[in-house]
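The structure under discussion appears below in the form of structure tokens.
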């Protein structure tokens, strides 16, 4: 009986997969593979006893109640490992097992029958499992008489069967902490590895943040540098803007002055040459040059309206000088008139009174104007309010009947040379007809002012022929009730210098003003009283300080030298086919030919000669452009453009324009020119001869030729006289129109001799040929890199300056190159 109680229980083996599926959660996988733990459902003591098919019937219910809560010992092959819950339950059940020593078991025959049934059961195909003690009615309880050879060898022990259950239980208890420590160690090791991985991830993120921080710091430094550069750039822009505002103010003031001049009809001042640095024109006259003084007796003999007229004339002259920024102090004469006092005379007036210069050289160049004030003998003052003054201008050839006299009296006409009339040189001129209309006929039967003109004698004319600016000189302006301005009138042969597309600048001369004061007993001539300028003194001494560098001629006035030098740069005169007289401008020729059409020649039988050939240019050989003006046979024709010429040399020069030949080369800079005169003008740049320069009065730029100045002035006026007949585009230069027309005609006249590629413009060909020659004339001053084209250098320099001139209209980004902006715009448009 004791042996039966101490015999261990034997349980059938359970598959490993089922053991892993029903193992406790805290037990590691490796331990489960080494131990074979039976699930609770296979342990009879942990589950209620259920009859199975083939099991023995239960004989008693009493043992069932005692063994229902009992946990048998479980042994396996290999290391014995049990879960903690099973071991605790087994330990708690050792007491009841010890108290059941007297329990009766079924007879051996029944036990053997039960074992045989269990061995044939489908649930027990493996080796049988023995249980040490089992209740009598438990179907799994084995008989104590089972041979030891049929038992598991691991369960055989020399220890007594009585002590075996307790020793196995203590061994299980000793082996139980080992998997728990191992599990804890593995869990800690896994947790440490997880923490290390997190630390590594955090370290990587920290390094990434440090890199991004460094990048941001660099960007901030670049932004600060850009901000400093932008501030410096902005400061320079502010300086430039201040300069522009200052220039704008100066330009605004000049425009106001020009409006005043146009309002006062002072056109002569617009033709004055400006200063070398762009300052205001140098007015060659002073207020005293155009002022008229009266003695006390003469002033007393004047009527009130005459005094008012005198004041208006003086005031108009003063305003004309001030309107052009002419820095003069206010004359005493104007101050006296504003205070209502009598204008006092200078000290020289008394000594010079009554003197009339007889030497023509002592007088000023041009015409002499006399102002004659007439009164009748009675000196009647019956009219309280005198009518306007009757002013009559005797321009040689104007008859008295043209002006008329309501009182039937013809005023005295003091004519020195009636045979030389002004109409000779003013036929066909519109300015004198305007002057004639401006002379308002102011009638008074008792007194009047007659403006008379005198010309210098023929000998003086011949002497001063080259000095005259080829225009009549103007006196100034008469304002108030009576206005009459003597403007420069172009002569038919000298309306404009050659090479220009517009008439030449009019220059103010210094006409001698003769004053005839009123006298009760008759007409009395008074001398002109004014201060002699340095220019007048040179004229009296006969000095000619201005010399032409080309031909050696000298002149008294610089403007005469400038006009004369235009003869040297003339490229194409216009000749009259009837009298072989040449002119500088086509308009002059048209005016001259009008004489032949109207009067049949240069001489009028009624009024004498109407045209003085001395005022025209002397006949000279025709130039290539003479084919456009004048008549005559032209046997030499150009096979390229069908132009005809009268001389073979003219045709040869013209053909150079088609061949592109430039036979004249500068020895200093190796620049070549098509015409010799172009080379001469270019060499003045090297020689430093800047006297012959044409300066723009608006911006101060100087040019070597008047045509270049005229072309430049179109940039200020915005004029575009050359229009394309196909697309109606307009251009300021004819060459630009020619190049534009090639776009429509698809003409490409400039071909590369090496690769045959053709271009519309010549400078495009020059840029292209640098590809073959390897020339790179444009180099960067910062890094020394060289480029073939200038705009490539400008684009490259933006990398050094940081300039980004192309902003995006959709966002705030700016770009250095235009192509980059185009690529960026596609992100907005979605192309």
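From the backbone N, Cα and C atoms, a Cβ is placed for every residue, glycine too.
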Candidate ranges 523-545, 546-568 [criterion: Swiss-Prot lists as zinc finger]: 546-568
Of the residues 7, 623, give the one that Swiss-Prot describes as phosphoserine. 623
As Swiss-Prot has it, region 'Disordered' corresponds, among 250-284, 285-319, 600-634, to residues 600-634
DSSP-assigned states of the zinc finger (778-800) in counts, ordered helix, strand, coil: 11 helix, 4 strand, 8 coil
Could you put numbers on the helix, strand and coil content of the zinc finger (546-568), residue by residue per DSSP? 8 helix, 4 strand, 11 coil
Please list the DSSP helix, strand and coil residue counts for the zinc finger (750-772). 11 helix, 4 strand, 8 coil
Report the DSSP secondary-structure composition of the zinc finger (636-658) as helix, strand and coil residue counts. 11 helix, 4 strand, 8 coil
Reported in the order helix, strand, coil, what are the DSSP residue counts of the zinc finger (694-716)? 11 helix, 4 strand, 8 coil
